[in-house]
Structures are given as C-alpha cells and as structure tokens.
Amino acid sequence: MSSEKSPEKFNVTVDEKNSKEDIAYDVDPVKVDVHTGIYDGLQRNMKQRHVQMIALAGTLGTGLFLGSGKAIAHAGPAGALLAYIHVGTICYCMLMSLGEMMCYMPISGGYIHFAERFIEPAMGFAIGWMQWYSGIISLPTEIISATIIIGFWDTGPDGSGMPNSHLAGYLTLLLFLCAAVNFLGVRWFGESEFIFACIKIALVLGCIIGGLVIDLGGGPNHDRIGFRYWQNPGAFAPYLVAGNTGKFLGWFQTLLQAAFSYVGMESLAMTAAEVQNPRHSLAKAVRRVFYRILMFYVLGILVVGMLVPSNDDKLLQDTGTAASSPFVLAMTRAGVKTLPSVINAGVLSSAFSAGNSGLYSASRQIYGLALRGQAPRIFAKTTKGGLPIAALAFSSMWILLSYMALSSGASTVLNWLSNLTSILGFCTWGVISWTYIRFYHGMKAQGIDRTKFVYWNRFQPYPAYWALIWSIIIIIFNGWSVFIKGDWDVSDFIIAYINLPLFAGLYFIYKLARKSKMVHPSQMDFHSNVPPPDTIDVDEPKAKDIGGRIWAWLF
C-alpha cells in the first residue's frame, strides 16, 4: 500500500455479502479501510495542547472532589491513600500499554480497533458496543448531576428545593451547550476541554494548598492538625466487619471507589485520529499522566485524610453538591466560610466537562465500529470538515434522557441503568491490557523492533500483566459486600455482575455469526491503514528561552 502524501487513484477489493467489487477512490489510500473500503474522513484539527490538558485533567471531577470523603470514611486516611496509590499503578500500567499501541497506530477507533486486530474481531465488537452503551447512558446522568450542583444555589422561591420549571430550563441549557460544543467541531471541543481542565487544575491545586495551610495551623482557628487523625480515630477504619478483616475490606472497598475516580483515562485513545502530530503528542500525554496521578489523586487524598477524621458522619452524606465535598467539610471545620461556592462552581465545570467528553467519545466509538463494518455504514459518514455527523447526531439523541429527571420514577430507572455501566471501565482496562500482551507477542513473532517506536516501555509486558490481573480481581469481587451475611440485595448483585453475561453475549453472538477467530501472532496486521511517519509526524523545534520551555513542558 502506498505511503505517499498526495492522494492518488487506486483500487481496493471489498468483500461484501459474499461478492467482491472493485471501487476506485480519489483519496489517500491509507485513509481507506482495507477490509470494508470505507473512507476515514476524520481530520487532525485537535491541537497538541488540547490533548495534553485532556490527559492531565480530563477525568478530574466528582470522584475526587465529592467521592473521596467516602473513601476516608470506609478505609481511614492510610487505607484510602494506599488504595488510591494502588489503583494509580494499575491505571498507569494500563495507560502505558495503550500508549504504545496508539502511538504506533494513531487510527480511528482506538482500543476498540486494537482489540479487533490483535485479539479477534468479536472482542472489538463486544467492547465497542458496551463502551458506546456506557457512554450514552452516562451522558444524561452527567447532565442531571450538573443540574443538582446548580441546585446548591437555586433552592427555589421558598428554599425547599429547585422547582421542576427551573430544572427543565437548566437541563435545556446544558443539553444545548453540550451538543453545540461537539457539533462545532473537534477544535472547539478541544478548546472547551482545555478551559475546563485549567479550571479543574486550579481548583484541585487550590484545595491542596489551602488544606496544607490549614493543617499547619494557618486557618482562622489556628489549630495545627498535623497527622492527629491518623492516631485518633486511627490510620485504618474497619468496614462492615470488625478487626483487621474489616480494615482489609475497607481498603478493598475503597480500591473500587478509587478506581471509579481514575476510569476514563483510556478515552485519550479516541483522540489519536484527530490530534496533530499524534505520535509525539500522545507520547508526551502518557508520560505526564504519572505526575497527574501523583499530584492530584495521591496528594489530594493525603491532604483530605489529614484534615477530616474518618469517623465524621458528614463524610458519608450524598447531596451531589459541594456540601458533600471533604474539602468543604475540612474548610468549614477550620472556620473558612467562602469556599463552598467556589468548589461548587469547579465541580459544576467538571460535571459539564464529563458530559461534553462523554458525547465526544461515544460518537467516535460508534464511528470506529462503523468504519470496520461492525455498525451501520451510515455512522461512518463525515462532513468535509472531518466531523462524524451521523455518529454524533445519533449519540446526541440520548442526551434527551436527561428529562427523565423531571419524574422521580423515571429518574430512578435512569440511575439504575447508569449503575449497570459502572464496572465497564474495569472490563475496558482488562481488554486493553490483554490486547497489549497480544500486540507485544505479535511484534516479537514478526520481528518488529519496539525500541524504534516514539513511545515504548522497557518493562513490558509485565505492566500489562499487572493491570490485567488486577482488573480481573476487581471485576470478580466488585460485588463482594452482597455476600456478607445479612447484606444480600438482589438489585446490588445485578448491578455488580450483569455486565459480564451482556459482554459475553455480544462476544459470542458476533463470533458465531461472523465465524470470528483469534488472530495468530504471526498473522497480526501491523501495517494497513497505519499512517507512515512522513505524513503526520513533525519534529518540533526546541524552545530557547525559559518561558518557551515552560510552555512546551506544560502544553
């Protein structure tokens, strides 16, 4: 297949409905899928700084700002800290594995496409459709979360709560903004995420610095806390069961909660086909995730654990607004009164950003499936500007489920459906890690030197095995609490495990219908549709002054 930059006429053979036909295209041959003959119309309109900030702060949100309180309550400050560190290692190992594949093959579909190439087509089909379902169900819940956060300020005329008329108005506004940002094109999506990331980074750094000042006695009450709460009530807290067993279960439960804070980093792969200079941009983004985990998640949970005792009942409150934030609770205990509205505004931006990026990822997932013939062909249609218009329009329709919040019964159903998708992040991590292990052995079998890649890791495949093993453990034991005597709940059991038969069903249906088979390492496709370096890679000039070097390091 030609690797020239300029488009050229060529023929591609397409096997469709057991008949073959030759189709001529006046386009770059690398952009035409060799199996389906469908042209990949996505364009590289996303800037490098967009990807860097999405990688740095893309998934920072309610999991850290609001959910970290439950982590402290369930496991204690030391247990929560160890859980966040442990899940951070799993996430980074997964991302190192994904990073090597997407830097080598910056193509549409991301890890969905990789699973199809390096495991088998049925695996790509199953994980692709499950992830799309997860995305479009999460969209309305994020929009509803944003309206709940607005309810922190709008409590209605009599102060009893936001009336439905106000709720409907806020929902309509948020729906319009979320759709508009995506329909304007990937460049505007990148700009919006860049701004939201800056807000979230400023907020979390402000909370960490403010927390350290208060811990050292700089608050209005001048109480020097230090590690007082690590001694009383203690560094570890038991959960459901007394003694050391309860402390272990508290750590494991917090392991699951910490993982929910990290889930979403893998969506970075969906930008690979639309970012400029993708190999270098994505390599930088993956390398900097380590600092993000260390600075934001680990340091953040450490500060929270120093400021609030694990036996404070307010850590378990679930208002959905800044009132649930352990940072707000810590500041309130210290006598600081102006912080809740600031944190609430930051959490609001996080919720909207999550909906915004969720719509982007869902549209690119179904677009990637269509490109490979695993979804209706119409979803592969793009505009001249490279926008997957059909996939985006179809995915956007599901945001209208947000209006279910106007009915209490419908809202309960929506929350239940959303909970069904919660374990899918771990399924995705496991599939990505397994895909990389197959990728690694395929490279060895075909004699391809990984050390020549823009991004590679000398310790592979051991990080991939680490991420795979722990993903399996989390998937199997995520519903452990329902098996505790007296705690059995059918609904919780279904939520914890229903995704496993759904995933298996999609996998085996496609496998039987299309006679899908595991790809042998010697037959793995490492070349078709992979853009050669001279068409997309650019050597970036190094900045000479200190200001330029700081800007280059950040963005």
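Cβ atoms are placed via backbone N, Cα and C, with glycine included.
Predicted automatically and left uncurated, TrEMBL annotations should be read as such.
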Of the residue ranges 110-131, 132-153, the one that TrEMBL records as transmembrane segment: 132-153
Whether the transmembrane segment (165-185) meets the transmembrane segment (341-362): three or more C-beta pairs under 8 angstroms: yes
Surrounding residues of the transmembrane segment (462-484) on its own chain - C-beta under 8 Å, 6+ positions past either end: 89-94, 96-97, 240-241, 249, 252-253, 255-256, 259, 423, 426-427, 429-430, 432-434, 436-437, 440, 492-493, 495-497, 500
For the domain 'Amino acid permease/ SLC12A' (50-517), the mean pLDDT of the predicted model: 86
